[in-house]
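Visitor: The structure follows.
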Amino acid sequence: MGNAWSLISQMFPPKPKWSVNDIPDLTGKVVIVTGGNTGCGKETVKALLAHGAKVYLAARSEEKAKEAITKLKEETGAEAIFLSLDLADLVSVRRGAEEFLSKEKQLHILFNNAGVMLAPMDMLTKQGYDLQFGTNVIGHFHFTQLLLPALLAAATPTEKARVITTSSSANYMGTLDFNVWKDSPARSKKASGDLYVQSKHGNVVFAVELARRYGEQNIISHSLNPGSIRTDLQRHLSPFANKMQDVFLFPADMGALTQLWAGTSPEAGKLNGEFMIPWARLGKARKETGDPAVGKKLWEWLELQCKDY
């Protein structure tokens, strides 16, 4: 009952008590937003630019990213920097991280925002993983790991570095099955929705474990449900499903609110390993996401998948 109630109640959150106007001055802060060319990511970049941050917009499509950068400059007067990143290819992930590290010594905030939802089952990552789990969890894990030197360089006891990972209310709907994330007979028995749920559950497990491992080194790691948001994530849904779902969806600027709160507010900076819910509130993820044994198992599995890349 608790998981079901959490899922349903977060579809209809109360009016926010925090807004982008409450974001502190971010002058001198270096930030990366994955999937920053569209939806919640783009709105996140917009708010960060408006408050003085130096923002790297990480995306797969250079054309779409540069269109977004041009539009955002018109709206804010500030220009984001394109960072080439395909989370579905671990080689591209390393290349993107190395490009960033060649330009910056410090990274103050990393928004692991990009995601794939309900992709067709025949879609796999470059290395043969389920596209959803590979993009949402494995790609972001590898990217975060490679950027740890810059995060640690930016982190101090009074100004901690932050890693904010976007999950969803889907984290309440299931747990992890380590046997279905690579193309296999076991995976073929699963539905796309189940694999999406696992990826969102995995986002929270990863975020909690990151806090557990690096909290003492002044890195804050939170995950969140951005809310029921109208974005490109729904591109794999049928027209009928899109139309039905549209009734319950909020605009992308609302979807950026909770991750901006997690990533910039003094309140969220006093916490670690938490799960945030719409709009800009502290919540609770599914209980299993906080299990240290599960966190350790997932972390070690992810390290094994990424070690050759």
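Including glycine, each Cβ sits where the backbone N, Cα and C put it.
Pasting the relevant annotations from Swiss-Prot:
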- Lys64, Asp86, Asn113, Tyr196, Lys200: NADP(+) binding site (BINDING)
- Ser167: active site, proton donor (ACT_SITE)
- Tyr196: active site, proton acceptor (ACT_SITE)
- Lys200: active site, lowers pKa of active site Tyr (ACT_SITE)
Visitor: Of all the binding-site residues given, Lys64, Lys200, which residue's CB has the most CB neighbours within 10 A?
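Guide: Result of the Cβ crowding comparison: Lys200.
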Visitor: List the Cα distance (Å, whole number) between Lys64 (NADP(+) binding site) and Ser167 (active site, proton donor).
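Guide: Approximately 23 Å lies between the Cα of Lys64 (NADP(+) binding site) and that of Ser167 (active site, proton donor).
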Visitor: Have a look at the binding-site residues Asp86, Asn113, Tyr196, Lys200 and say which one has the shortest Cα distance to Ser167 (active site, proton donor).
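Guide: So, spelling it out, the nearest of the binding-site residues is Lys200.
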Visitor: Could you list the residues of the same chain, at least six apart in sequence, whose Cβ is under 8 A from the Cβ of Asn113 (NADP(+) binding site)?
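Guide: Result: Val33, Thr34, Gly35, Gly36, Cys40, Gly41, Thr44, Ile164, Thr166, Gln259.
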Visitor: In the structure shown, with every protein chain counted, which of the recorded positions Asp86, Ser167, Tyr196 has the densest set of Cβ atoms within 10 angstroms of its Cβ?
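Guide: That would be Ser167, with the highest Cβ count within 10 Å.
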Visitor: Which of the three DSSP-derived classes (helix, strand, coil) applies to Tyr196 (NADP(+) binding site)?
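Guide: Once the DSSP labels are grouped into three classes, Tyr196 (NADP(+) binding site) ends up as helix.
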Visitor: Max Cα distance spanning Lys64, Asp86, Asn113, Tyr196, Lys200 (NADP(+) binders), Å?
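Guide: Spelled out: the longest distance between any two Cα atoms in Lys64, Asp86, Asn113, Tyr196, Lys200 is 25 Å.
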Visitor: By the DSSP assignment reduced to helix, strand and coil, which category contains Ser167 (active site, proton donor)?
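Guide: SS state of Ser167 (active site, proton donor) = coil.
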Visitor: Give the three-state DSSP assignment (helix, strand or coil) for Lys64 (NADP(+) binding site).
Guide: helix
Visitor: Please report the three-state DSSP label of Asp86 (NADP(+) binding site).
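Guide: Assignment for Asp86 (NADP(+) binding site) reads coil.
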